[in-house]
Amino acid sequence: MPKFWVVFSQVYKKNLHSGSWLFLVLSPLVFAALAGLMGYFIAQNVQPAQVAVVSSTPALRQAIVKTSDDQVHFRGYASAAKANTALNHETLDGILTVTTTPAIGAHYVERSNADQSVDTTTLTATLSRLKLQQTAAQLHLTAGQLAALLSPAKVTTKTVAIENGKQVAKNDTAAAVNRGFAMVLTVFIMIITMVYGSILAQEIATEKGSRIMEILLSSVSATTQFFGKLAGILALLVTQIVVYVVAGGLAWFFLRERDFVKGLLAQVDLSVLASPITLIAVLFFVIGVMTYAVLAALTGSLVSNQEQVQTAVMPISMLGLAGYFLAMIAQSGDSLLVQVASYVPFLNITVMPVQLALDHVGYGAAWTSLVIAGVFLIGFTWVVVGVYRSNVLVYSDAGFIKRLRTSLSIWQAERHPRA
Amino acid sequence: MLEVHDLTKTFGSMTAVSHESFTIQPGEIMGLIGQNGAGKTTTFRMLLNFLTPDSGTIMWNGQPLTAKAYDQIGYLPEERGLYPKMRVEEQIVYFARLRGMKTAAVKAQIPAWLDRFQVKGKRTDKIKDLSKGNQQKVQLIATLIHMPKLVILDEPFSGLDPVNASLLQAGIEMLRDHGAAIIYSSHDMGNVEAISDHLVMLRNGEVVLNGTVDAIRQSFGRTKLFLESPLTKQQLQATPGVVQVVAHGSGFELTLSDPAVGKTLFAQATANGYIPEFRQAPPTLDEIFRMKAGAAHA
């Protein structure tokens with residue numbers, strides 16, 4: 001078996017069995033399952049509030065009883081005495097006493113320990129509607145006149161994006177979905193790049209700190225080892241995504257007939273997922289993960305001993321957080337800082353997809369930034385592969401930047417065709 | 001056969017190795033000695049292609065030593081490293097596979113190797129649960145199990161107790177008997193004298209000694225004399241050609257400027273017949289090492 005695959009399978013299998021990776025993959029699934037179960041049981045236990053309607057007018061009683069829904073269940077009572085007895089026996093949550101003179105009004109008495117409290121605004125709305133009908137009848141208004149009286153003034157809205165100095169119409173519901181999409185995307189990219197960057201940085205830093213690196217580099221060329229590790233880490237990421245897709249598929253298969261899932265899906269317009277934004281976001285994600293992984297290999301290989309392993313992870317966390325905050329700033333509006341950041345390597349990975357999803361920039365700008373990210377990744381990888389090899393000889397307690405400079409100077413002195 | 005020819009390496013203004021040449025035949029053990037900073041590790045790093053020489057060549061069986069030959073190399077770095085969380089078997093299998101061995105072949109050979117080095121621990125134990133000595137043995141097994149043809153050991157004896165040192169010595173000799181060319185560095189001249197066929201000493205990057213242990217010692221002549229006789233220290237010191245007299249118990253250790261002085265001293269010491277000790281020998285490797293290393297400061 002070529003040595004690339006030996007390194008690859010070692011990195012992959014070792015992390016697959018590690019507690020931290022399993023926790024990373026399984027914890028969101030466990031939380032989602034728990035949240036789902038809790039929501040399910042809460043939904044099962046919610047019963048409508050039992051409210052007595054006390055009125056001397058049977059028609060009015062009937063009209064109110066008809067408005068019963070999931071929240072409130074009205075029962076008609078002709079006398080207040082019977083209703084109060086039921087309330088004292090705690091079979092009722094409250095009593096709504098309705099009066100008709102001079103106009104429709106009501107008084108609501110609720111048990112302090114009611115199973116289900118009633119929102120008085122819904123009671124007010126129900127009664128207001130009845131009062132409106134009564135008043136309209138008294139004024140001899142027709143249904144058409146009543147409708148004309150009640151119809152509000154119309155305000156229509158249209159969202160436009162400015163592209164090349166022209167206004168281009170944008171669907172505003174799509175904009176809302178885009179905003180949510182951008183938010184989820186930012187968090188997802190940040191977590192994945194930082195977590196996998198950290199795994200790789202620790203992996204390499206541990207090897208460097210424990211001097212295993214010297215043995216490895218006398219067995220396998222630095223380039224083979226470097227790409228074997230990178231591929232192993234990316235395979236872990238792919239495994240995690242496959243686990244989520246399978247789990248999502250299973251959940252969909254079993255839950256799609258459930259009412260609350262149907263209700264949830266009906267509210268979301270998923271058409272944005274089929275747009276070019278998704279493609280660009282996925283490309284940024286792939287390039288982003290790889291760029292951070294290469295950075296992780298660099299910082300990991302600069303470590304001198306086990307105590308410095310944490311310092312290898314720090315630059316990754318800092319850049320990741322910077323990108324995250326800039327993406328947050330982008331969500332609150334377009335600014336020069338964000339515009340610049342959306343082309344800067346490491347930062348553009350989170351900032352540009354958000355800018356695009358929010359229509360702050362067009363596709364042209366996004367592709368440009370993507371090309372910059374891709375070219376940077378290739379160049380960065382080339383430099384890091386070289387530095388990685390010379391880093392094995394740099395053992396120093398000096399700061400990160402100083403170690404990086406030493407390593408770069410060795411690399412420059414050592415550049416030769418045998419690499 | 002490893003042929004190192006006229007190797008020079010500088011770091012800025014510092015010359016780490018200067019015009020270094022030596023040859024190691026298959027089945028030969030070469031000891032590389034020298035003080036700290038003499039250029040031993042730099043030499044190893046150039047052999048392993050971690051560093052590129054400024055000039056000179058490194059040939060392995062007539063070819064430049066490159067990544068293609070990695071499977072034939074066994075390398076033990078000065079500072080040992082294993083994956084603490086890995087199990088003994090996994091660790092050995094991983095390193096051996098990186099040297100081109102098949103997993104099944106490695107697993108079949110592990111018991112014999114654990115036995116050979118008397119490792120106390122099971123193959124399913126985690127490395128971090130082993131004692132330091134046993135970790136070192138596992139590291140040695142991982143270095144040697146693929147039966148390398150070129151073995152590079154950087155200070156292999158450091159930190160080993162005498163029992164483990166002799167186990168390591170036996171391991172090195174076993175590989176030599178299988179035709180491996182072995183180069184190792186050491187500070188312990190006792191070990192070097194015991195197992196080296198050939199010796200190179202570096203001082204400030206330059207080769208100051210190169211040859212078999214015996215030839216090197218003989219080249220200094222029998223200038224050491226261990227004597228127990230009726231002669232007093234004053235009498236010995238008064239003899240022409242005696243450079244130094246040091247008392248050791250009831251006898252003396254003399255340093256001679258010329259081995260021929262031995263004959264004169266023998267005649268004087270045995271003038272009245274029997275004496276318990278008269279031994280004239282070349283300086284020990286340890287003394288040669290001190291002499292040569294000390295010359296740097298002269």
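Note: Cβ is positioned from N, Cα and C throughout, glycine not excepted.
Per TrEMBL, domain 'ABC-2 type transporter transmembrane' is recorded for A:21-383.
Cβ atoms under 8 Å from those of the transmembrane segment (A:21-43) belong to residues 15, 195, 199, 236, 239-240, 243-244, 247, 260 of the same chain, restricted to positions at least 6 beyond its ends. Under the heading transmembrane segment, TrEMBL lists A:21-43 (among others).
Remote same-chain residues near the transmembrane segment (A:180-200) are listed as 15, 20-21, 24, 229-230, 233-234, 236-237, 272-273, 277, 281, 284-285, 288-289, 291-293, 295-297, 300, 313, 316-317, 320-321, 323-324, 327-328, 331, 349-350, 353-354, 357-358 (criterion: CB distance under 8 Å, separation of at least six residues from the stretch ends). Summarising the annotation, TrEMBL assigns transmembrane segment to A:180-200 (among others).
For A:234-255 (among others), the entry in TrEMBL reads transmembrane segment. Here the transmembrane segment (A:234-255) has Cβ contacts under 8 Å with residues 8, 12, 15-16, 21, 24-25, 28-29, 192, 196, 199, 261, 289-290, 293 of the same chain, all six or more residues outside its ends.
Per TrEMBL, the feature transmembrane segment maps to A:276-303 (among others).
What TrEMBL lists as transmembrane segment is A:309-329 (among others).
Positions annotated as transmembrane segment by TrEMBL: A:336-358 (among others).
Long-range contacts of the transmembrane segment (A:364-388) within the same chain, counting only residues at least 6 positions beyond its ends with a Cβ under 8 Å from a Cβ of the stretch, are 222-223, 226, 280, 283-284, 287-288, 290-291, 294-295, 297-298, 301, 342-343, 345, 348-349, 352-353, 355-356, 404, 407-408, 411, 415, 419. Residues or ranges marked as transmembrane segment by TrEMBL: A:364-388 (among others).
For the transmembrane segment (A:309-329), the list of distant contacts is 182, 186-187, 189-190, 193-194, 197-198, 201-202, 204-206, 209, 292, 295-296, 299-300, 302-303, 335, 337-338, 341, 346-347, 349-351, 354, 400: same-chain residues at least six beyond its ends, Cβ to Cβ under 8 Å.
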